[in-house]
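The annotation transmembrane segment is assigned in TrEMBL to A:6-34, A:55-74, A:80-105, A:117-144, A:164-186, A:198-218, A:234-253, A:260-279, A:299-323.
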Amino acid sequence: MNLEIIGISVLMAFLFGYIMVGAIDFGASFFNAYSLIIEKEHILTNIIQRYLSPVWEVTNVFLVFFFVGIVGFFPQTAFYYGTTLLIPVSIGIVLLAIRGSYYAFETYGNRGHKGYAFIYGLSGLFLPASLSIVLTISEGGYIYIKDGKPILDYWVLFTEPLTWSVVLLSITAVLYISAVFLTWYANKAGDKEATRLMRKYALIWALPLIITAAGIIVELKGHNPEHFDNIMNLWWMFAISFILWCMTVYLLWQRRNYGEAFLLLVAQFALAFYGYGISHYPYLLYPHLTIYDGFTNEAMAISLIIAFILGFCLLVPSLYLLLRLFLFSKKYVSGK
Amino acid sequence: MTGDSVFFSRVLTETTLTFHIIYATLGVGVPLMIMIAQWIGIKKNDQYYILLARRWTRGFVITVAVGVVTGTAIGLQLSLLWPNFMVLAGNVIALPLFMETFAFFFEAIFLGIYLYTWDRFENQKKHLLLLIPVAIGASFSAVFITIVNSFMNAPQGFDLINGQLENVNPIMAMFNPAMPTKVAHVVVTAYMTSAFVLASIAAFRLATGSKHVYHKKALLLTMKLGLVFSIATAIIGDFSGKYLAEYQPEKLAAAEWHFETSSEAPLLMYGILDENNEVKYAIEIPFALSILAHWWPSAVVTGLDQFPPDEIPPLYIHYLFDTMVTIGIGLLLLSLIYWFGVKRGWSFVHSKLFLWFAVLSGPLAMIAIEAGWWLAEVGRQPWILRGIMRTADAATTNPNVDLMLVLFSILYIILGIGTIIVMIRMFKRNPIEKELADREIEKGGMLK
């Protein structure tokens, strides 16, 4: 295994971590806003307060890790993505600001403003949509080079069906992941009404998720045949992922083992995510940048990996403590 | 078009940093203050100090949350606005950036735990232990980020051979000559500023009529801490001058309007520069610049005549230097007089007038922080990486930076106003008298 592969694996681990914890966070805020509209806010607000408030900063750090790490391991990405993504990522920052300030001003300060909760909920859908554009662009065909400068073609970006398929997938995935997690969390808290509601949402979003995911693979066939062929070579990863999805839905349907259902979901997304990532190899940006020509020097790569291992040893016990206090503690979860 | 992108990239980065540094400074300094207050409370078994820690924490959380947002913004803007710099920096100085994320991660985890476990521990000491990783994580975030900034001032740890990076040594890059003084200066001034900001709050309550012993204890504690860290800042500031004289003489010379290389150089304070670059109305302190730069009154200090005109930073940084130094010394004296006065029983330190000066200490300290960062950044121009890469060559070629400047300016205005409103509301609705009364009732209830 070479340094390039280790580097991209570390980054993918952070990105996957962000997709999972971020999805829970984003989806929860949307369900919260939705329940305000249909006037069932008392059901969800409590759960969201108890889980999201202590951990949202940790969620955000996963994202920071990813973008700091990618510039560290693959400095050339700053040139291609940094130059072209000015507008989409700036919009992403503003959406992040809406979420951060909601936690700062509403939950720590004085809460209760409906309009704010509503915007916060909407940001939970727009943020994954705006961030997912990065993945779309990486498929190639959106960035062209003029006078040595990379330029993003917005017309192509907004008229390609692939863009909108990825946006749809990001939204359905966020809602599905979040609903399954909150079903488990509400059940653990012994909140029957919230469990019932979240289970309903989870089942509603399960099918759209699979349809949008399959849709993207079809889109790719036309947009990036090379990537499509690589995905087909890894068909078994996606097949197992699909089976795991069926199992999660089955458990939810049967109203049992919500904890296991969520773990199966994590495994399902991990397989699909790594299947996508491996088939993307060796490109960071089709067809301009591979992990080999964008890689940092050896000395930096080794020191980053050592720093990562040391940091990891520090973080895992701390994260465990955090989860034990706010996720696995029955007393805390149920608000006693 | 490219010229515009450079200009707007600079303005946007300046705007983001100017806003972020307020939250970052408090984020680094306040955890230490909370820790000290809680520790004294436990040691003296004094509920007032515990309550002080508790109330400071409530305000702190809001600044951290906004700081997370602005910190994420500047982190991404580095790549969005300065892609060419980041390609180079990523190869040489990515390590401390990466470690900063770990330090912040560590802080965020324990802050979450600390915050939501105030009453979950029977033993206050155990709860205090949770704050140690928060304070360490916060301070180390500052250390690592400042290392990146010091690398921009004194780059080393690589060779440029025909435009190609060779022999990269990330550790050498981290431990560059600018690092010791810069890191110490940033961390200590963050402590100093946080102490004075908290002192302002206590002084404001006392100046507007409260006679509660809680505020008196708070003011004395924060003033003492402010004094200690101001003295440390003054000492480190002197070393910073010596660093500059050795490694970035053009920055020191520009800040000092020291045009011609000379020995026995005087230090100029204040004054203005007329159109012929003649200094007017300045106060000259004989030999002081030579002493600041090289310890000895007879030492030779390099002047701006030694540099080509296109490598000299803007001369207005002298005003920034004056602002920073004046406020620093003023606050040192203010806290010294207060501490002495309380000890000796001088009644004027409890007078309204003195208290209002103390109210000003926090905002003034923050102005000094801003002036200091502007001095550091503008004083490095025209370089983004001194001697290696010019700021103009580092900026993005994307033509939409001006639009983003508008977008982010609106965002920061909203966040700034929001912070102020929420803080004021929070402490107005729950003044110390009310919280003390509530806690008495709670305890009374438990006894029955």
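Along the chain as shown, residues are numbered 1 onward.
Cβ coordinates come from backbone N, Cα and C, glycine included.
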Field: Cβ-Cβ under 8 Å with the transmembrane segment (A:164-186): same-chain residues at least 6 beyond its ends
entry: 19-20, 22-28, 30-31, 44, 47, 51, 124-125, 128-129, 131-133, 135-136, 194-195, 197-199, 201-202, 204-206, 208-209, 212-213, 215-216, 219, 248, 252, 258-259, 261-262, 265, 269, 327, 333
Two-stretch contact, the transmembrane segment (A:299-323) and the transmembrane segment (A:55-74), at least three Cβ pairs under 8 Å: yes
Query: Under an 8 Å Cβ to Cβ limit, what residues of the same chain, 6 or more beyond the ends of the transmembrane segment (A:55-74), are close to it?
result: 7-8, 10-11, 14-15, 17-18, 21-22, 25, 96, 99-100, 103, 284, 289, 291, 294-296, 300-301, 304, 319, 322, 326
Spatial neighbours of the transmembrane segment (A:6-34) far in sequence, C-beta under 8 Å, 6+ residues away: 41, 44-45, 47-48, 51-52, 55-56, 58-59, 62-63, 65-66, 69-70, 73-74, 99, 102, 117-118, 120-125, 127-128, 173-179, 181-182, 198, 201, 266, 269-270, 273-274, 277, 281, 291, 295-296, 301, 304-305, 308
